[in-house]
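Feature annotation from Swiss-Prot assigns substrate binding site to Thr140, Lys279, Asn288, Arg297. Taken from Swiss-Prot, the feature divalent metal cation binding site applies to His171, His216, His271, supported by sequence analysis.
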Amino acid sequence: MGEPQRPLAVSLGDPAGIGPEIIVHAWRMRDSANLAPFAVAGGANVLRSATEALGVPCPIQEIDDIAEANSAFLEALPVIKGLDGAYLPGAPDPIGAKLALKSLEMATRLATAGHASGVVTAPIAKGLLEQVGFTHPGQTEFLAAACGLPEDASVMMLAGPSLRAVPLTVHCPLAEVPGLLSIGLIVERGRIVASALQRDFGIERPRLAVTGLNPHAGEDGKFGNEEQDVIAPAIAELLADGITATGPHPADALFSPHSRAGFDAALCMYHDQALIPVKALDFDQGVNVTLGLPIVRTSPDHGTAFDIAGRGTAHPGAMVFALLMAGECAARRADA
């Protein structure tokens, strides 16, 4: 019999947001959702307070070592000692942001050191993190840097039960997208996506569908030349590499049930082109997966939701799916 899988490390997220409560709910769903064991990087007091506010049973067990999580997980939510703070739902401040950052750093260290099988990150508020010294555009770029990679070496994929989609450009003004797209960018990220679908998702021959940038995928240059000058040559290069890739597809027709059956992931030209269909189809189960890292990382595809924090109305589905996906990806890597 092989060794048990190492636990996942879960960051607390901003303690004023919905992170603590969706973590509590996820632990309570551990059996029905068949979740792998996980431990939270600090915040025992925050999680106890969240449990009390929710009025649900969730015993908290503080542990010294994440290895203890496997045995503790069945009976209690394991929380690693060393970090804590106050639970003030809906009242974000720099103190809470600093706790969120320290928790993210701890969870990441556990994964990069090989003690955790992967990282699942709860939502943060980037503006507040910047006030306490966070210098990265987001958690994705932070994790790449923590793994010793350039910030642009990782790829963000949004995934749910119905669709996987990758925005090739992310947090930038829409007006800048045409200038940011290049054959090299599309090819490099297409290779990362294809490799990750094989390694982490068990898809032997991944099929990539590549969108156009312009309406009707440019309609032979009538509405723009990016499809002819950039996107089609990139697809040809991916095909030459042995990667199954089709397109450029008009984005408005790509996400129907019939079309989705023909590909494993969509490469989209900009943020909303990828995120709108994922959130429309799988809003309560959408997961942000970071591809191209030596560690597994997932996150629920939603924000801190300060406006509903502490009310008991936050849906835990995306956190549950993020934990489930991280556990499955980690298991595939362990078996490889």
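One-based numbering along the chain as shown.
Each residue, glycine too, has its Cβ placed from N, Cα and C.
Location within the structure of each feature annotated in Swiss-Prot.
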residue	record	Cβ neighbours (10 Å)
Thr140	substrate binding site	24
His171	divalent metal cation binding site	12
His216	divalent metal cation binding site	16
His271	divalent metal cation binding site	18
Lys279	substrate binding site	17
Asn288	substrate binding site	23
Arg297	substrate binding site	27
Inset, instruction - Using C-alpha atoms only, work out the spacing between Arg297 (substrate binding site) and His271 (divalent metal cation binding site) and round it to an integer in Å. - result: 19
Legend entry - Integer Å distance between the CA atoms belonging to Lys279 (substrate binding site) and His271 (divalent metal cation binding site): 12
Inset, instruction - Between His216 (divalent metal cation binding site) and Asn288 (substrate binding site), find the distance joining the two CA atoms and give it rounded to the nearest Å. - result: 28
